[in-house]
Amino acid sequence: MSVEAGCSTLSNPLKKLTSTAVVNNSTPSAQYRKHLTKSQSRTYAPLQTLSEDQFTSFKNLQGNNSPLGNVVKNPVSLKTGNHTGTTTRGGSKENWVHSFSSLQQQNSKSAWTSEFSEVFLNSSENDRFRNLNQPLKQSFFGSAGLNLSSNTEIPLQSSLAIDETELAKKFEEASQISNKLEKEKDATGSKSIEELWEEHQKQLKNAGLEPASLEEYQKQWEDFLKSNNISDDPYTSSVNSFANDNLAHNKNIDPQIFQHSDTDNVVENSLQTEDVYSQNQDESSEVVKELNGIDPFVEAMNLIKNGGSISKAAVLLEQSVKENPQHFEAWKWLGRIHTLLGNESRVVEALLEAVKLDSTNLDLMMDLAVSYVNQSLNVQALVCLEDWIVNSFPQYRNRFAKINERFEEKDSANDLLKMQMYFLDVAYELSLAKKRSSKVQAGLGIIMYMLKEYERSADCFRQALQDEPSNEILWNKLGAALTNAEKNTEAVSSYNRAVSLQPQYVRVRSNMAVSNINLGYFEDAAKHLLAAIDIIQNSSTSMESCESNEELWEMLRKVFLIGFQSTDLASQSYPGANTSYIRAQLSDLQGWPGVELE
């Protein structure tokens, strides 16, 4: 299993610079898709005799004044001259048999069960059931016999006479079968996903197929979801849907979990995947409402300077760029804050807006390169790195030209090696002049990371940290490189340095969780994930639906499912849930102490 912290935590198998991947494990299944879907909140075990659509249609046929199949709006009427008889079971058995016998004459088949199956076939293959206002025609039953119009009388007797007693007997037998199927459905259909999974685990155990590793456990879970036609991610449905439907049927869900004050807003926000930040702020953020004429950018900078909530600062900066789209500093800081929060897509958007306003700010190009790497957009990342190195060291343009001659063929592999030569050459020239640049070392570290040379990447970041020991972002990059180099203990030390410099660095906490998962410390992983969620999920902001929050919850569910093998805790973990309640549940389960934000 591969787990990545931050952007696209579980859906993207590629390793990322400011995020890390669980090592010594296989690539994650594509089952865990990134976008939100409304999934079923309740899963029924499949019926073995009839499909669910057939079963529903048959039950409707039995009911009083019920149409055949869910798509039919009105009961079927048989027009015979001036008389209309409705094909329902509302009248006597004799009347029903009489009407059915009349219908049967239109069909070349005499067996009731055969005709019943053919009606289901037609109902599933076409939409003619929707047009029952039209005169009933023979083609409706898929047979090439008479073609009836609304004024054609249906003969009440036929050469293919049916034994009405036998027909009634068959109908009664079918009714008994239907009732039995309904009871079986009630017995199995009300089971939650967790209960079905527990039963499946018992079956695997009895068959001697218990998982020997976390990877096997994960694969069995995904196979179970697929075989039961359960949504890839059954817990990412909107909170209100989960509360109204799942809570009614799942005894494992405690109502206290819905105590979070902003639960009502999450439903609408979770469906807005584009421009989610700017759309949410003006209607749901108390932070903006409380400004009372104060410049939101000034207030945001005060929060950042004094160690206030960075999620609140993000909301204020979003408001600032909304009021003044030409505010360069607001866009620049918005990109930096979302870097801390782990919202890569918004980082790119903000930095691109800043570059439009000031293309001479080369530091933005380096930051953009990192974000592109995190989104596996290596071509764009290389463009940013080349722009940075060429414009930062114009005195070496002739040297860059000579390097270009060695890489005439244009492809991504050559471009990456060419950029490596650019940065190595500059680093060498600086060393000859007894100089060094932390930016050059950081850029070289990014390139080594893209080449998957993680130990060399870590060496570059260590060199950069000699000049910038208080740069929490560099410490996080060092930790990411070490994690992917399978040096998780060293990585945790780097992450701890980053957290000590910026306690609200969400990406660091999620990366720390990954290293703890690699080390088998699932309690610590859960602790850091919950702490990261608390930073984002502030009841006074509308950040609950941002991408990093959704990904943190997704990773937390995996920790509970795979590390703790607790489907109960996993089912209670989704954006908007009450983290204090989950901590209490976890404490009861493991004797694990609650965690305060550092």
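The backbone N, Cα and C atoms fix where each Cβ goes, and this holds for glycine too.
The ubiquitin cross-link annotation in Swiss-Prot covers Cys7.
Annotation source Swiss-Prot lists region 'Amphipathic helix 1 (AH1)' at 8-30.
Here Swiss-Prot flags Ser66 as phosphoserine.
Under the heading motif 'WxxxF/Y motif 1', Swiss-Prot lists 96-100, citing similarity to another entry as support. In the predicted model, the motif 'WxxxF/Y motif 1' (96-100) shows an average pLDDT of 45.
Look at Swiss-Prot and you will find 193-209 tagged as region 'Amphipathic helix 4 (AH4)'.
According to Swiss-Prot, the feature repeat 'TPR 1' maps to 328-361.
For the repeat 'TPR 2' (438-471), same-chain residues at least 6 beyond its ends with a Cβ under 8 Å from one of its own Cβ atoms are 15, 17, 363, 366, 369-370, 373, 378, 381, 385, 388-389, 392, 416, 419-420, 423-424, 426-427, 430, 477-478, 480-482, 484-485, 487, 501. Annotation comment: Swiss-Prot describes 438-471 as repeat 'TPR 2'.
Annotation source Swiss-Prot lists repeat 'TPR 3' at 472-505.
Annotation comment: Swiss-Prot describes 507-539 as repeat 'TPR 4'.
Here the repeat 'TPR 3' (472-505) has, by DSSP, the following mix of helix, strand and coil residues: 27 helix, 0 strand, 7 coil. Residues of the repeat 'TPR 1' (328-361) grouped by DSSP class, helix first, strand second and coil last, total 28 helix, 0 strand, 6 coil.
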